[in-house]
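Comments concern the structure below.
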Amino acid sequence: MKSYLGKKIVIIGLGITGLSCVNFFYKRGIKTYIMDDSYSPEYLKYVPYDIPCHLGSLNVKWLINAKLIIISPGVSLYHPSLIIAKKLNIEIIGDIELFAREASRPIIAITGSNGKSTVTSMIGAIALNSGLSVGIGGNLGTPALDLLNEKSYQLYIIELSSFQLETTFNLKTIASSILNVTHDHMDRYPLGINQYRLIKLKIYKNAKVKIINLDDYMTWPVHKNKSVCIGFSSHKGKYCIKKHKKNNWMVVNNKFLLKCSEMKISGFHNYLNALVSLIFSDILKIPREISLNTLKNFSGLPHRFQIIHKKNNISWINDSKSTNVSSTIAALSSIKIKGNIHLLLGGDSKKANLLPLMKIIRNKKIKLYCFGKDAYLLSKISTDSFINDTLYHSMIKIKENLNHGDIVLLSPACSSLDQFKNFKERGEKFTKLAQKIG
């Protein structure tokens, strides 16, 4: 363990990640100082009584006298107080950097604009079914630092967001993948998509194997080194999806391994997620039979293209996790019906480019129901659109227009934070309303 004794350590943010950082040091007898710009952060009640806390703002005096600052993923490095600290050469890191310094077992890491939680969960399920003791977490579920508490793990499988990668410098993995890079979080990255991409690419540093998307050059490494690259694709290469007798198949080395329709999950984007998971399991030398059986029976994660209600030949799909344009496009591309798609869009678009969404909507029978902060902006994508204040009012409007064979899709292409606690709360609200209205 790297020595932190005698250093003034400041932790910014008291969400679940910040609390994991507090506990990491507290268990090692190391004093920290905590600050959060909220007066009542969610996890304050779990903080030991003898740890100094500053609430309602950032304490600049604490920051400029610190030797180490640990920030939660939601805290921007562009915060004026952190810019001052950086100029003073004070070290600023996140929880994943702490985890990377302490972890003594092999690590697999996954990032991407979309699909990373699904892939992380798929690989985790395969590894567990193979008999491995696995710690699964990071941006999904258990904070990475909390995984260190279980000493029996043989492998860590961690999902990483771009926010976490910003403050990660020494992560070493046996395999890492960037699933895709599309416009997202542009409100966080003032220099645009290339700045966002370069942060994602940090996951390849010190990776023994890089798993890249051959269809998305933005996932390709910019620096050559001795690590191995394995590609996956929607149509070409060693690992790909191919059509055979009108069916999609997972193919490896021209061998047709699994008919995609045999899997419980649906959607072409999920077939690619399964393909990436197979690559990781091959790297781990897990028997193919275990991998393929696990993928067949993997039922997906809540709020991700999840059919939550069916009645009168009308399907209601909860895709609340689609918080960006590319994810909504992937959902729409997976739907092929004769009826109408009633698409719920709404929330904070995060300054995203909406033109790609406009193109796909023009080519399908789609009615838009727009709500929340950017409802007016979203409604301009199509002439067949309705503006409502809330998700509830949008769904009441949908009920007036439904016919047999239609699909109602919540795939908002936006952050939920303008009206909901998170995407989960939004998805749960949709599910309850669908079961009531439908």
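Each Cβ is built from the backbone N, Cα and C atoms, and glycine gets one as well.
What you are looking at is a predicted structure, and each value in this text was computed from that prediction instead of being measured.
Pulled from Swiss-Prot, these are the features on record:
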BINDING   Gly112, Ser113, Asn114, Gly115, Lys116, Ser117, Thr118  ATP binding site
(message) In the three-state scheme derived from DSSP, which category covers Asn114 (ATP binding site)?
(response) coil
(request) Using a 10 angstroms cut-off on Cβ to Cβ distances, just flag whichever of Gly112, Gly115 is the loneliest among these binding-site residues. (result) Gly115
(message) Cβ within 8 angstroms of the Cβ centroid of Gly112, Ser113, Asn114, Gly115, Lys116, Ser117, Thr118: which residues besides those meet this for the ATP site?
(response) Ile110, Thr111, Val119, Leu179, Asn180, Asn273, Ser327
(message) Please give me the CB contact count at 10 A for Asn114 (ATP binding site), counting all chains in the structure.
(response) 25
(request) Please report the number of other Cβ atoms within 10 Å of the Cβ of Thr118 (ATP binding site). (result) 28
(request) Counting other Cβ atoms within 10 Å, pick out the least crowded of the binding-site residues Ser113, Lys116, Ser117. (result) Ser117
